[in-house]
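Visitor: Quick one: structure below, then a few questions.
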Amino acid sequence: MNFQKPCTFAKLMPRLKDSKSLAKIIQNLAQTRQLLQGKQLHSQLISSGYPLCTFLTNHLLNMYSKCGQLDYSVKLFDKMSQRNLVSWTAMVTGFSQNLHYFEAISTFCEMRIAGENPTQFAFSSVIKACASVGLVEFGEQIHCLALKFGFGSDIFVVSNLVDMYSKCGVMVNAYNVFQEMECKDEVLWTALIDGYAKNGPFEDALSAYKNMVKEGIGIDKFVLCSTLGACAALKALNFGKCLHSVMLKKGFELEISVGNALTDMYSKVGDMESASNVFGIDSDCRNIVACSSLIDGYVEMDRIEDALSVYVRLRRQGIEPNEFTFSSLIKACSSQATLEQGTQLHAEVIKFNFDGNPFVSSVLVDMYGKCGLLDDSIRVFDEIENATEFAWNSMLSVFAQHGLGKDAIQLFNRMKNEGVEPNAITFVSLLRGCSHSGLVEEGLSFFKAMEKTYGVMPREEHYSCVIDLLGRAGQLKEAEDLINKMPFEPNAFGWCSFLGACKIHGDKERGKLAAERLMQLEPENSGAPVLLSNIYAKEQQWEDVRTLRKMMQDFNVKKLPGYSWVDVGNKTHIFGVEDWSHPQMKAIYDKLNALSGQIKVAGYVPCTDSIPLDVDVSVKEKILQHHSERLAIAFALISIPSGKPIIVKKNLRVCSDCHSAIKYISKVIGRKIIVRDNSRFHHFSNGLCSCGDFW
């Protein structure tokens, strides 16, 4: 029949004398989603005065629901003088299928109040609604009701129950329901495997897949994609390759969802060659999901140039980035402190209207903080309308990195006033901020309040932060007492912090103990013997210094060379101590010599104690003058215009003499200099440093 013209129904009306014929037509319109024709038929029924019985109205309810017109369904339903079980089921199912989950749940409850006993379709729909909104407790009640009405073995109800428990993370219940079902189909197996793949244990997802194959259940692309997700989480490359071969045999390789899952799996296990090959199989597979997976994989492998090249390719192909794309790329800029690329990505974020996304904004806060631009970090944070827990923690971490303990405490108080609950990460940042600012009492107060007030159990990293807090403040006995009372052995960071404090405050005995423990934990780490050697050198115990260096040679423990780097344009320039390899080295040394003369006139006096060598003072002064951070600063001064900030990064702790020299350099040249060492940022301006000489 042709249902394209309104008049067609008018001509048909005399011939359609029974409701069954009309119901069949409405059912066909519902299945084919012909909303306009359905409305036309409905209007003809009304205008002709045809009696709309409950039977026909139920079909109209279903038709409008399937076409996504719930407003019409609700109006019809409200006008019904008589409703039956089919009427209620149609409404519950319609709400659930159209993503109106809370309405589906409330309608189901009204249905029970009306005295109707739900069908398996009503149960399946309301369970799906509970899964989608995470109402697991209500879902458990529905589960009990389904058992009461004898649907405990219905495959549709059971599959939805397993899916509901899986999506709500209650895998024990999902497994128990799964086990109680004698005849299991592919939908039921897929629901269980998908639950394990998303919630863990991931090994159980692989085991379930193997059992599914043994049972001879048909494997489709959905269960393969879910199992690939578990392989990605476990970094189970060989199992993932086996699944890849199954996909090839079944001809799924050109399916978009399969291409996405394979690209993600290979990227997460670090096999970027295979990930790139899958990505390039078919142009349809190159969507934003696959692109983001590939970018994230390159970022995790520290292959930032490759990640950026993928971004350029996707833009050339007209693929629009999403929040995950930007988050991965900006995170990469944070880890490598590449400001130029980070600011360009920020411009892209604004262009694609993701600057209001709280997650992307949080990563930008972190990126600007790690690149040294504290003011930009604060500005981005202040522009976030509904700051998430992640955003607050990002800003707290930035304040800690820049040694701004008081600012971190003020932000923490704002965070509490906003009703955001602190977590373990929050307190790591707070304690580090207090440590770098000498706020001992405040830090200890936060440490004590963690479990008592906020219910956050202190972990190794929190104890290590308190060791660092006490050590930097010279309270070495208190730090040692804490170590002895800890519920577990300090980690490498804790012992390294304690050893560094012993070096700063000249405590040889405690330093020796800390060095021994650190060398036991990390025998390949040169930090322990070097710091202990510095302690001995400060006491002019040169024989002990030589003994330690001989031990390092015997065990092939090499001292980590100090180097500094600065970004000029799109290139990173790296400098070592007394480095003559740079093509502009003559100009750099000329600038450095001129600066040395200027700062001495301004009052700079070299601190040769920081050189742990038994050589003449003049030699020590020459070594200090050519430290890597000074070479980097000299190069920056001849290369970076005065309007741009000078940001130098260093892989080791800045020495006390360089710290003093850079203060004077900032004074004589009248420019702000930002130096990031291995633990924090120093902002030098007009002869002063933001750390207040406490670092």
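In case you wondered, yes, glycine gets a Cβ from its N, Cα and C as well.
Got these off TrEMBL a minute ago, pasting:
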REPEAT    84-118  repeat 'PPR'
REPEAT    185-219  repeat 'PPR'
REPEAT    287-321  repeat 'PPR'
REPEAT    388-422  repeat 'PPR'
REPEAT    423-453  repeat 'PPR'
DOMAIN    603-695  domain 'DYW'
Visitor: Who are the long-range neighbours of the repeat 'PPR' (287-321) in its own chain, taking Cβ under 8 Å and residues 6 or more past its ends?
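Guide: Contacts with the repeat 'PPR' (287-321): 256, 259-260, 263-264, 266-268, 270, 272, 275-276, 278-279, 328-329, 331-333, 335-336, 338, 341, 348, 352.
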Visitor: Which sequence positions outside the repeat 'PPR' (388-422), separated from its termini by at least 6 residues, show Cβ-Cβ distances below 8 Å to it?
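Guide: Here the qualifying positions are 358-359, 361-363, 365-366, 368-370, 374, 377-378, 381, 429-430, 432-439, 442-443, 454, 456, 676, 680-683, 690-691, 695.
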Visitor: How does the model score the repeat 'PPR' (185-219) in terms of mean pLDDT?
Guide: 94
